[in-house]
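Notes to accompany the following structure.
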Amino acid sequence: MRRCCQGVGLPCLFKGVGMANPRPPRFLLVFDFDETIVDENTDDSIVRAAPGQALPENLRQSLRQGSYNEYMQRVLAFMGDQGVTMGDFKAVYENIPLSPGIPELFQFLSKNHELFEVILISDANMFGIEAKLRAAGFYSLFRKIFSNPSSFDKRGYLTLGPYHSHKCLECPANMCKRKILTEYLAERAQEDVEFERVFYVGDGANDFCPSGALTSSDVAFPRKGYPMHRMTQEMEKKQPGAFQAAVVPWESAAEVARYLQELLKKKC
C-alpha cells in the first residue's frame, strides 16, 4: 500500500500519536518535458539549427503514424549531413523557453525536496533534456530521467534510439510511459519507498496512458487545452468515473505549485 489516512483521503504530513520515528512523507511527482516543462516541442525546435531553419519537403512527408522516433532519426541524420554540430544543438536546446510558471514550481519543489521525489518521462531525447535542465539550473531536482537514448557518433552526428519495446497498443512503438511509471513504482516499492500520492504533470496524448494508471488518491495535472486534457474530458463523458485520478488542469505551472502548497497545509 502507498496510502495512509485513507478514510479522509489525505496523506499523513505530520507525526501522529503512536508513530515512532516516522519516515518523512514522500510524494512522487512525474513530469513530461515537451510542452510541459518547456513551452515548445523540442523536435520542432531543433530545426532552427538546420540551414534555412527548414527541412526538405520529402523528409517532412516521410513521417508515418506511430513511427515518430524513426522519423527523428532521419531528421538528425539529415542535419548531421548539413554540418549541424553538438554546439549548434546545445545552443538551441538551452534557449527553448520554459513553460509559464515552471520556475516557480521548480523553486517550490527545491525548497520541499524532502517531501517530493521528482522524475521525468519524455519521448524527446536525453541530450536535449539534460542540456536544457542544466542551463536552467534544475537538473539536480530530478532523481531519474527516462527518455530516448541519444549521443554523438564518431562523425559528430546526433543519433537517437528507441527507449524500449512494449505491447501497449495506445502508445508509439518506442515508448509507453505507463510501462515506465508502473515499473518505477514497483522498483521503488522493492526499495521500501512507498509513495502516499502520485502527481502527473503533462500535456500530450502519450501522457494520458500513464495517467490512466493513477488511483483515486492521485492527481493528474493536464495542460489546459492540450491533448491530455481533451482526452480526460472525453473519457469522463464516455465512461464517468473510469479515470480514477483527480484532474486539475493548468495554464501556468504556478497553479500546480499552489495546489501542492495547499496540500502541505492540510493535516490528517
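Glycine residues also receive a Cβ, built from the backbone N, Cα and C atoms like all the rest.
Residues annotated as active site, nucleophile in TrEMBL: Asp32. The active site, proton donor annotation in TrEMBL covers Asp34. Look at TrEMBL and you will find Asp32, Asp34, Asp203 tagged as Mg(2+) binding site. Look at TrEMBL and you will find Asp43, Asp123 tagged as substrate binding site.
Applying an 8 A CB threshold to same-chain residues 6+ apart, the list for Asp43 (substrate binding site) reads Asp34, Tyr68, Met72, Val75, Ala124.
In this structure, the CA atom of Asp203 (Mg(2+) binding site) is 7 Å away from the CA atom of Asp32 (active site, nucleophile). Cα to Cα, the residue listed as 'active site, nucleophile' and Asp123 (substrate binding site) are separated by 8 Å. Take the mean position of the Cβ atoms of Asp32, Asp34, Asp203, the recorded Mg(2+) site; other residues of that chain with a Cβ within 8 Å of it are Phe33, Glu35, Thr36, Ile37, Ser122, Gly202, Gly204, Asp207, Arg223, Tyr226. Listed in sequence order, Asp34, Tyr68, Asn69, Ser147, Asn148, Tyr163, Pro172, Asn174, Met175, Lys177, Asn206 are the same-chain residues at least 6 apart in sequence whose CB falls under 8 Å from the CB of Asp123 (substrate binding site).
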